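Comments concern the structure below.
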Amino acid sequence: MRDAAALELHAADAAAAARPAMVAASDHYARLLQLCQTAANPGAGRAIHARAVKAGLLASAYLCNNLLSYYGETAGGAGGLRDARRLFDEIPLARRNVFTWNSLLSMFAKSGRLADARGVFAEMPERDAVSWTVMVVGLNRAGRFGEAIKTLLDMTADGFTPTQFTLTNVLSSCAVTQAGAVGRKVHSFVVKLGLGSCVPVANSVLNMYGKCGDAETASTVFERMPVRSVSSWNAMVSLNTHLGRMDLAESLFESMPDRSIVSWNAMIAGYNQNGLDAKALKLFSRMLHESSMAPDEFTITSVLSACANLGNVRIGKQVHAYILRTEMAYNSQVTNALISTYAKSGSVENARRIMDQSMETDLNVISFTALLEGYVKIGDMESAREMFGVMNNRDVVAWTAMIVGYEQNGRNDEAIDLFRSMITCGPEPNSYTLAAVLSVCASLACLDYGKQIHCRAIRSLLERSSSVSNAIITMYARSGSFPWARRMFDQVCWRKETITWTSMIVALAQHGQGEEAVGLFEEMLRAGVEPDRITYVGVLSACSHAGFVNEGKRYYDQIKNEHQIAPEMSHYACMVDLLARAGLFSEAQEFIRRMPVEPDAIAWGSLLSACRVHKNAELAELAAEKLLSIDPNNSGAYSAIANVYSACGRWSDAARIWKARKEKAVRKETGFSWTHIRSKIHVFGADDVVHPQRDAVYAMAARMWEEIKGAGFVPDLQSVLHDVDDELKEELLSRHSEKLAIAFGLISTPEKTTLRVMKNLRVCNDCHAAIKAISKVTDREIIVRDATRFHHFRDGLCSCKDYW
C-alpha cells in the first residue's frame with residue numbers, strides 16, 4: 001500500500017512538473033496560429049493543428065479557441081468549415097466557453113451560412129454581447145436587414161447592451177430598408193450609451209437619416225458632431241445631391257477641409273443625376289487640375305453619362321483616351337458607359353466596336369438599348385432590329401425603345417406588330433410603351449385599336465399617368481373622335497399640367513373648334529396653368545383656322561410680354577398664316593419683313609397657300625421663289641403656284657411651272673387616302689387600280705358622283721391643274737383618293753355609320769365641296785383628316801365653315 005501511494009504521488013509530481021511545459025507549448029502554438037491568420041496561410045495552420053494533436057495539446061481550451069478562430073478567418077471553404085465543426089465537437093462540453101461558441105458562430109455567420117449560425121446560436125448555453133453582435137453583423141452582410149433589426153431588438157430585450165459594431169450594422173440595415181422609426185430608436189441607444197461622439201457611429205446615424213430622407217435631422221446630427229471625418233462630409237453632400245439640393249451640396253463640398261475620391265464622385269454624380277451635365281464635366285476638369293487623386297470607375301461612369309446626355313462625343317473620346325492611357329480596368333460599368341456615350345452621341349460605329357470587343361458578360365441591357373436607340377436616331381432600323389434580336393434579357397425599356405423607333409421612322413405597322421409580340425411573350429408594358437403605341441394609333445387613325453390600348457391602360461391603372469392620358473387625348477383627337485378626347489380631358493384636367501391643356505387646345509384647333517380652343521386657353525390662364533411655347537402654337541393655329549385676327553395678334557403679343565417666352569419660327573409661321581388667310585397680304589409681308597430671323601419653308605408655304613385661296617398670283621410668285629430657294633425639291637411649291645395660275649386662267653404659266661418641275665426632276669408627292677375598317681387599313685390613290693374591290697368601289701364612286709350632282713353639286717373644274725376638256729376634268733375629280741376611300745366606306749359599313757378618312761395632302765376645293773354634298777345625300781357624318789386639320793362633314797356643312 002505504501003509503494004502504491006508513493007507511485008501515485010510520484011505521478012502527480014511529474015504531471016505538475018509537465019503542466020507548465022504543456023501550457024507554454026499550447027501558448028506557442030496559439031501564437032503561431034495567430035500569425036497564420038495574419039498571413040492567411042491555410043497549409044501552415046493545418047500543420048500546426050496536426051502537431052498539436054500529436055503533442056496532446058488539445059486539452060487546452062485556449063489553443064482550441066485559437067484553432068476555431070483560425071479556421072473561421074482563413075479556411076472559410078466547405079472543407080475548413082467541416083474541420084472546424086469536427087474540432088468543436090471534439091472539445092469536451094466542460095472546456096467550451098462562450099469564446100469557443102462565438103468562434104464557431106462567427107465562422108458560420110461570416111461565410112453566409114446563416115442557417116448553421118442560427119443553429120449554433122440556439123444551442124449556446126450562454127450568450128454575451130459578442131454573440132448577438134455576430135448575428136446582427138452576419139444578417140446585415142447577407143442583406144437580411146429586417147432580421148438584423150429584429151435581432152438587435154431581441155438583444156436589448158435580453159438585457160444586453162449593444163456595442164458600437166452592433167449599432168453601426170443595425171443603422172446600416174435601417175438605412176437600406178428606410179426604417180426611420182427603428183433608426184430613431186437606435187439613435188436613442190447611441191445617445192444613452194454616450195457613443196454620439198464616436199465618429200463611425202455618428203456617421204452611421206447620419207447615413208441612416210439621409211437614406212430615410214430626413215434631411216433636417218441629418219443636418220442637426222451633422223452640426224452637433226464634435227469631430228467630423230471625410231465620411232461625415234461625404235454623407236451630407238450625397239444626401240443633398242439625392243434630394244436635388246445642389247446649391248447646399250456645393251456649399252458643403254467647398255467647405256470640406258479634406259476631400260476623398262468619394263467626395264468628388266458624389267458631386268459629379270449629383271450634377272449628372274440632376275440634369276446639370278455641363279457642371280459635372282466642369283467639376284471633373286477641376287478635379288484633374290486641383291486634386292492629386294486619380295478618377296476611379298465611378299468617376300468615369302458619371303462623366304461618360306454626362307457626355308452621353310449632352311451628346312458631347314469630343315469629351316467622351318478624351319475620357320476614353322484617358323482610360324486607355326492610364327490602363328484603367330475595363331469593368332462592366334465603364335464598358336456600358338462608353339457604349340452609351342458613343343451611341344447617344346451619334347457615333348454608333350465606335351459604340352458597336354466597343355461592344356464587339358467586350359466580353360458578353362460585361363454588357364448589360366442598358367448598353368444594348370443605348371446602341372439600339374443610336375441606330376434609331378440615325379434611321380437605321382435594320383441594325384436596331386438586329387441589336388434587339390441579339391439581346392438576351394430584353395426589358396421593357398428595350399421593347400419600348402424599339403417600338404418608339406418604328407414610330408419615329410414612320411414604320412407604324414411594324415410598331416403595332418412588335419407591341420403585339422410584346423403582349424404575347426415580352427414584359428408588361430409600362431406607361432411609356434402605351435404612350436408610344438397610342439401615338440402610332442393616332443398617326444394611323446386606328447380608333448378601334450386605340451380604344452383597346454385605352455382599355456388596357458385602365459386595367460393596368462396606367463391611365464393615370466400623364467404621358468398615357470395625354471396620348472389618349474391625342475389619339476382620340478387625331479382619330480376624329482373628338483367627344484372622347486374631350487371626355488378624357490375633363491377627367492384629368494384637374495392636374496393642371498400644361499401639356500394636358502395644350503393637347504386639348506391643339507385638338508380643338510385641328511377640329512375647327514377655334515372659338516372653343518380660345519375659350520379653353522382663357523380658362524387655362526384663369527386656372528393658373530402656365531402656357532408654354534407649344535400652347536401658344538396651338539392657340540395661334542386656332543385663331544388662324546377660325547379667322548380670329550385680332551385675338552391672334554393679342555396672343556402673339558402675350559407670348560413675350562406676359563409669359564416671357566421668346567417667339568420661335570413656329571409662332572412666326574402661325575402669324576403669317578393668320579394674316580394671309582384673312583387676305584391681309586400687306587400686313588403679312590410687313591410682318592415677314594420685321595421678323596428677327598429669316599422665314600423658313602413653313603412660313604413661305606403658308607403665304608403661298610393663302611395666295612392660292614385668294615388668287616394672288618403676284619405674291620404667290622414671290623412666295624414660291626423664296627420657298628424653292630430654301631427647299632428646291634419641294635413639289636408642293638410647284639403645285640401651289642401652278643394651282644394659282646390655273647385658278648387665274650393662266651394655263652401657259654401653269655404649264656411652264658410643270659415643265660420646270662419636270663426638267664429639275666422634282667418628284668410630285670403622291671396623294672393617297674386611307675380608312676380603317678374592321679381592324680384593317682385600306683389605302684387608295686387617285687385613279688386607284690390595285691384595291692381588290694376596285695370594281696365595286698368605282699361603281700359606288702360613280703353612283704355617288706351622279707347623286708350629288710343631281711342634288712345640286714357643281715364640280716370645281718379649276719381644281720384640275722391640267723388643260724384638258726371638261727368631261728375629262730370631271731372624271732379625274734370623281735376619282736380623287738378621298739372620294740374612293742369614302743366610296744369604299746359606304747359599301748363596307750352599315751347605314752348612318754360615321755366614316756373616317758385620312759389624307760396625306762390638303763383636301764382640294766372640289767373634294768371639300770363634294771364631301772359636304774355626300775354627307776347630306778347619304779345622311780352620314782364623314783370625318784376627314786388632311787395634312788393640316790380635321791373636317792367634320794354633316795348635313796351638307798363642314799366644321800371649318802369653309803374657312804380653311
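Placement of Cβ uses the backbone N, Cα and C atoms for every residue, glycine included.
Annotated in TrEMBL:
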DOMAIN    712-804  domain 'DYW'
REPEAT    97-131  repeat 'PPR'
REPEAT    260-295  repeat 'PPR'
REPEAT    364-394  repeat 'PPR'
REPEAT    395-429  repeat 'PPR'
REPEAT    497-531  repeat 'PPR'
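When the repeat 'PPR' (497-531) is classified with DSSP, helix, strand and coil residues number 26 helix, 0 strand, 9 coil. Distant neighbours of the repeat 'PPR' (497-531): 466, 469-470, 473-474, 477-478, 482, 485-486, 489, 537-539, 541-543, 545-548, 551, 555, 563, 789-792, 798-801, 804; these residues of the same chain sit at least 6 beyond its ends, with a Cβ under 8 Å from one of its Cβ atoms.
As a whole-number mean, the pLDDT of the repeat 'PPR' (395-429) in this prediction is 92. Here the repeat 'PPR' (395-429) has long-range neighbours at 365-366, 368-369, 372-373, 375-376, 379, 381, 384-385, 388, 436-437, 439-440, 443-444, 446, 449, 456, 460, 462, meaning same-chain residues at least 6 beyond its ends whose C-beta is under 8 angstroms from one of its own.
Mapped onto DSSP classes, the domain 'DYW' (712-804) shows 38 helix, 16 strand, 39 coil.
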